[in-house]
Amino acid sequence: MSLPRSSTSTKHDPPHNIVLKASYIAKTHTYLAYTAFGTALFLGVLLHYKKIVKNAVAGYPEEWFPSVSATIGDWYPERNVFQILIALTSGPRFCLVAFQYLLHRSHNSSLPTLVFICGLLRTISCGGWVYITSSDDHDIHDVFMIGYIVLNIPWMVGGIMSTPLEYASIRRKRVVLASAFFFTIIPLIYFFIQHRVHRIPGAYTHYSFFEWGLIFFDVLYDSFTEEELRQADLNITIGNSNVASTETRSSLNEKTAGAKNETYPEVQNKLETGVKPVQPTTVWQLFSDWRPTIALMSDACLSYIFWSIFTSLVPTIFYFSVWELGISGSELAFLASLSPIFLGIFKIRVWASTRAGIAMLHFLSFSGLVAFSLRSPTHRLFVVAPATAIAAIRQVVDWRLHPLYSSFMTALGFTLSSFLKHSNHSNNPVWPIVDSRSGGYNKTGLAVACVALLELYTRPISAQPPSERDRLRVIPETTLNTALPLGSLLFIFHNLLSEPGTLIAWTWTGYENGRPRGPLPGLHGSLTIIAQCLGILFSVALLKGNFGRVLAHPIWFVVGNSAAYVLYHYRNWSGYWGCLVFAFFSMSITPLVIVRASRTKAVARTYFTAMLVYCLLMLAAIWTVAYAFVPGGPYLRERTDLVTIAQMLCLSLAFDWPILRPPHLTTLPSLSSTVASFSRAVLACISVLAILSTLYHFPSKPTTPHRAGHRMLRAGIWTVHFGIDDEGRDSQRRMRDLLKGLELDIVGLLETDLQRPAYGNRDLTRVISEEGFYVDIGPGPNLHTWGAVLLSKFPIINSTHHLLPSPDGELAPAIEAVLDVFGTSVVVIVSHNGQEETPLDRQLQSQELGRIMASHYPNPTIYLGYVVTTPHAEKPSPYKYLVEDGLMHDIDQYDWDRWCEYILYRGLYRTSYARVSRSTITDTELQVGQFILPKHGHTVTNDSHDARYTRIFKETLSPEHWFPMEYYGSEGQGGVNGHFYHVFNTPLYYNIPADAVL
């Protein structure tokens, strides 16, 4: 409606404003987006069908539908047409994000602002993976793609939460589409694994359908903004501002006569006020609005820091025990965990409960983060031990002051720690045993911790955790009934859940028919994290709805106890399902256990007892495998069953058994909406990021041997001393560099069972496997060996784990595997025999190994093992049991300077043999043998002594037989990273018989 003309107006009518409905722009976005992808798919299928359906595994006809990446990024002209159309889509996309923010923004919530920021970043990320394709730069493309999917979480979830309740139909549609989007990710990942890991032809076609489904749901979700804008009647006016103001007021007067628009009060208010200026929002006001959310984030970060310090003490201590092979005295530092006893001193307890006291305890505990900068393991222990003691006191104060709130922060911080270990190759990125050279992000972690502490110290009263006084209105709990469950829960967290791969290692048994019998640690560890997140969400839902009694019901304990039984007794996928239920159960009862512990009167006695139970269970678990080196070891030898029973008995006291706890003690407080919402958001992010991290770390190229065209392989044996170097740092990356530099195809690693707290619950194969190795991690921690690992560039057809006879000493593990080496089955055996102190063990173990190797005669066989014998030693020493009874050849019988590591072979031509110095990685060298496999269908033609021992110069052989020249050197000069050919100072080379059929 226009204003009437004045008497002084000119003969020309004033220009009318152009009014454009905002919903048209949203609709344009939908049409352009679908047109861009649809056109690219149409052109790709029309012009390059067989090219875009082909992948690294298979092509047409096994694969018959293209992926999104292949469609939009590989060929002209579809790539160019798509990019032009998607560029046209960007303008409406930014407008859509802005319009949605205009409708949803509120002075009472900062969530719409967060959604707006995520929407902008999401649009930019979309441009990143669209214009930088996987063909251009695979890593950058993946970073933008992962960022886009992650940003969809706050964009969709936040958009749903911000949608006004009056628009129930739009809200319901968004819930359905968002759910469809996220559930589509599950089969997407499944078929991606089938394609990338198992290399199944046709799997990528199924993956592609779900990938296109994500695109469809994503665009369709955004299209609902058009309906929202249309119902709000939001318009864009182009023209004179005064005319626009008048027209808007007139239009509003007509549309709102006799009724109020209560659906979007802020939009209506802004339009009704015409050109009234809006007061700008200052940065400080925005920060104040977000302060409660920032406070929650700070507390979650500080909880993660606590778990990082708390779990770092044990591996810092047992560095010394490993080198001593016995009690070293450093174990006394474990008593630092008992520091809550000092809360029995009234003045300490009062001071530790003040804001200044809490901040100071936090600050002092950060010394455990700074310890990484110390080169000496002894110095690090002297810092980490008191830091752990301080952190334990501070955490107990938190549990006491705000039991329910801090229980959820404890669970969130622990799950975040577990996720970061999973994402960082099983190493906590802020542990003192890692630094920038070994995968640490210590400085970043310290900076985040300091920022979180600053926020905590300056936090206003309004942003403090909600007051919890419920413990004053119930009868106090007894010390034992609450301390024993808390100590047991801490032990379960640390022993089983601190690294997602630990439970998988418990159930792992190897390969069968070319496929793993159960889950793989690096690949399926994210499922453990998701189970933990679901367990916390379960307790959130119950406590938000005042159903907390369910957590304390004896039936729930029966569920957890049954899961523990399955975890202990079953293997492969059956056992792992029990592991997932146990993880779910353990995380769900965290608030129950912590809240009840806070209701005792004896603060110091309760938490001291809890920590004592934690320490005793931890030592018992270590004793089950270290029995040969510790006092009283035989009583707990291989008795993980007793440890499991003890942990569950202690945990059972937290539940509502009628004879132990009256009904009026079952009440648990209700969880605030703020904490519940924050927990849901964090756990959703952790779950999605865990999956994306798994995909990011998965090898992007097919596993191939180094010298495929020559039927040649290099095999090595290395005792790696639990992945800790001389400086007490994680050695995964240094090991990878040496194995990669020497171009090994088959590797046996010994002393590798790190999935126990003494070694940090780590997986020594995580970094190396990314170089394209098939991995068999050997017997798990529940089988009480020191571990053996097989790495192979060749597919593992079958593998069997053996516990060799060990009546007196430590259990000896062995892996018996059949590999597909250039189409020929080759047997590889990796073993770690007993020590010199147990001669009967060594004899029985060697006899069993000889029997296993002889059973495969005359098939090609390689033995890589730790034997502890001199060459040619008479029986009952191990050497002749392995060589003569096993029908094997020593790689070089004239190498007299050997004691523990040996390579034996049969049915192949040995062409080279090298001994490479250990540098400072471990206490044992790396031995490497190079072999050629006879032509398929043929065997070794001349296996005589003279044929095998004609030594030659390397120049006699073609260059592909040569070991890398870079490793020539000595301790003073040459070599690579301290590694060089030693003993002979060069690899030994052997002539290939003239009549060999290759």
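Just so you know, glycine gets a Cβ as well, placed from its N, Cα and C.
In TrEMBL, annotation is done automatically, which means it is predicted and not curated.
A quick note: this is a predicted structure, and the numbers were derived from the prediction, not measured.
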- Under TrEMBL, which of the candidate ranges 523-543, 670-690 is annotated transmembrane segment? 523-543
- Task: Determine whether the transmembrane segment (31-49) and the transmembrane segment (205-221) share at least three Cβ pairs under 8 Å, counting only pairs 6 or more apart in sequence.
- Result: yes
- Mean pLDDT across the domain 'CWH43-like N-terminal' (23-223) comes out at 81
- Any residues 6+ beyond the ends of the transmembrane segment (523-543) with a Cβ under 8 Å from its own? 193, 197, 404, 408, 411-412, 415, 418-419, 422, 497, 499-501, 503-504, 550-551, 576, 579-581, 583-592, 668-671, 676, 679-680, 683-684, 686-687, 690-691, 693-694, 698
- Task: Could you give the residue numbers and ranges of same-chain residues that sit at least 6 residues beyond the transmembrane segment (574-595) on either side and whose C-beta is under 8 angstroms from one of its C-beta atoms?
- Result: 399, 403-404, 406-408, 410-411, 415, 471, 482, 485-486, 489, 492-493, 496-497, 503-504, 506-507, 518-519, 524, 527-528, 531-536, 538-539, 543, 548, 551-552, 556, 559-560, 562-567, 651, 654, 668-669
- By a Cβ-Cβ criterion of under 8 Å, what residues six or more beyond either terminus of the transmembrane segment (607-630) are in contact with it? 314, 318, 321, 325-327, 334-335, 337-341, 343-344, 392, 396, 399, 479-480, 482-484, 486-488, 490-491, 494-495, 597, 636-640, 642-643, 646-647, 650, 753, 756-758, 781, 784-786, 809-811
- Query: Residues sitting near the transmembrane segment (175-193): Cβ under 8 Å, six or more positions beyond its termini, same chain?
  - Reply: 149, 152, 156-157, 160, 203-204, 206-207, 210-211, 213-214, 217-218, 220-221, 224, 523, 688, 691, 695
